[in-house]
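Here's the structure we're looking at; comments come further down.
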Amino acid sequence: MPSIEDELFPSTPGKFKIDRSNRQLHRCFASTSTMFLWALFLIALTASYLSFQSFVDSGSRYLTASWGGIQWEKQVRTSAQIHRSGGISVLVTGATGFVGSHVSLALRKRGDGVVGLDNFNNYYDPSLKRARRSLLSSRGIFVVEGDLNDAKLLAKLFDVVAFTHVMHLAAQAGVRYALENPQSYVHSNIAGLVNLLEICKAANPQPAIVWASSSSVYGLNEKVPFSESDRTDQPASLYAATKKAGEEITHTYNHIYGLAITGLRFFTVYGPWGRPDMAYFSFTRNILQGKPITIYRGKNRVDLARDFTYIDDIVKGCLGSLDSSGKSTGSGGKKRGAAPYRIFNLGNTSPVTVPILVDILEKHLKVKAKRNFVEMPGNGDVPFTHANISSARNEFGYKPTTDLETGLKKFVRWYLSYYGYNTKAKLVH
């Protein structure tokens, strides 16, 4: 009898059949905001090293004591071992995060080598990340506890293992949190990204890189559905600005150093083992506790809509991107030819309004929500998202298969199990 973890983690982690008959590579061209973005990049790097110097110093002292040594190297090598013909060896950053844990398990399930990296920060309850790490460990995946800005740690990992690929999912997430702690976004999403790229460019051989951008880069764009070629020069939040800056930075490293890089613009990912700061997660918690939930509305009381994308579909897109990533062409920091640079949307293509999402949660929780409708504040949120996924479909056969009704049913089942609710008992009304 399969466990609930087996049932709720991705069940289709195999390679995609890649249709190359209509292959398209999507280049990131300079927009009218290029000067602004480079200015943001330079200011951000300066701010990160000034504002976070004490943080990095103290963090480095802690990390120095938590990695290294013969036993540690053995664990890293063992976890990175490939167990299938034609397999890959992947460093997954943010491995105990929501998407990172699912991707790591899917890679391991099909026989790839996987080593995780995570700093276990307290943006949300670290106990959930540690529970994910326990699950990864039970599948033979070793997760290194360390910070993306620790260059010595990253260099050591690449010294121990010649990774063929990097799946970069570590980032400071969330739109509203940027109003409270903007420096954390610079530290993780810009300085951390540059640090990782510096290590990858110097590696020999260089790995191919797939990394998580975000649908938030479309910002205030009103054209729908969003396509990769649409304008992305109107960020609505600092989070979006750092992700757009990341796209410009990765393009530069591809151009100068020959790194094969694929950026993935995720659209509102949800599912089991998700992030507690996401609306569907907090709605579930508050509904079960009998607390009111806040539902934002746009101008003229228009309901907000999101292209909610189930985690299994995102995982399939991540693996398809890895399998079709191509090869980096540099060696020891020197470019020897052009390398692929691609950007893809990964969404569901079927936007659903937030009130309908709440309707579905009520159905599966068997509890009515106490709804409080308020006007959307100017805190970085956007009124709608809608993905055009034709590029990912043409390049590596990406095809989402889970609708919101089915996906939320799986999430609710996991939530009730993980947090110890007795579904046979009368829930709080």
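Backbone N, Cα and C atoms are what each Cβ position is placed from, and that goes for glycine too.
The annotation active site, proton acceptor is assigned in Swiss-Prot to Tyr239 on the grounds of similarity to another entry. The 10 Å shell around the Cβ of Tyr239 (active site, proton acceptor) contains 24 further Cβ atoms across the protein chains shown. Following the DSSP three-state reduction, the secondary structure of Tyr239 (active site, proton acceptor) is helix.
Sequence annotations record features per position, and here Swiss-Prot assigns NAD(+) binding site to 89-120 based on similarity to another entry. Under DSSP, Thr93 (NAD(+) binding site) is assigned to a strand (E or B) in the three-state scheme.
Summarising the annotation, Swiss-Prot assigns transmembrane segment to 36-56 (among others) and lists sequence analysis as the type of evidence.
Residues or ranges marked as transmembrane segment in Swiss-Prot: 87-107 (among others).
Comparing CA positions across the binding-site residues Thr93, Leu105, Leu117, the one lying closest to Tyr239 (active site, proton acceptor) turns out to be Thr93.
Annotation for the binding-site residues Gly97, Gly113: lowest Cβ count within 10 Å of the residue's own Cβ, Gly113. For Ser101 (NAD(+) binding site), the Cβ neighbour count at a 10 Å cut-off comes to 28, with all displayed protein chains included.
Comparing local CB density within 10 A for the binding-site residues Leu105, Leu117, the maximum falls on Leu117. Residue environment of Lys109 (NAD(+) binding site) contains 17 other Cβ atoms, counted within 10 Å of its Cβ in all protein chains.
Listed binding-site residues: Ser89, Thr93; maximum Cβ neighbour count within 10 Å falls on Thr93.
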